[in-house]
């Protein structure tokens, strides 16, 4: 209940400004956190192993960067978020409305590291075309969408969601199992998340986060019925500790149900 109350004050624009503008979104070096996240995703999807009809993005927030490499490998992407303000922000971007956040530097960077020589506008168009559904979700319910996803997703992606809406590690593990039910057996799950973080700011909202260690993530994945395929971590350098959170690092996990 306290988490739900806190998120009523969540400001999508403040969140985007805190995390997806410089210094964190600096593309001049791979040492910065946003290029690191984009490379984890690009390299994992470049294997060609993760593909299918549907990818579900759990807790999309107001962001689309996490879907840029994924959109080449699925017919449909389903975005989800608990907050209507985030779903509305995503919808405005999909429709190309003026005044939405400028994701073009992210799209250009992903096109560069994927190395196919594709015009970035083409990737932007493809993501907008494939992002067909933006649904409400509650990861603390055993049926997070309120009804089973039919057919189940071929892949699941979630970035900085589960640890940010869970009051403790047990709730994080349960939420992971709940969202895992949206995925078909053999399907792939890609997670990005915070390590050692206890809060973050989004405008007037100061939101609690369950501080996770690497082993907490590994244990929760195993408990939710996943086999870990790849795990990477990033230590947040002092220059990127800007006061908008107290994050120690970021993890990337690729697991298979």
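Every residue number used here counts from 1 along the chain in the order it is shown.
Heads up, the Cβ atoms here are built off N, Cα and C, so glycines get one too.
Annotation comment: TrEMBL describes 15, 20, 59, 60, 65, 81, 86, 138, 139 as S-adenosyl-L-methionine binding site.
Largest CA to CA distance in the S-adenosyl-L-methionine binding set (15, 20, 59, 60, 65, 81, 86, 138, 139): 25 Å, whole number. For residue 59 (S-adenosyl-L-methionine binding site), the same-chain residues that are 6 or more apart in sequence and have a Cβ closer than 8 Å to its Cβ are 80, 81, 82, 137, 139, 158, 159, 160, 161, 162, 164, 165. Ranking the binding-site residues 15, 65 by C-beta neighbours within 10 Å puts 15 at the top.
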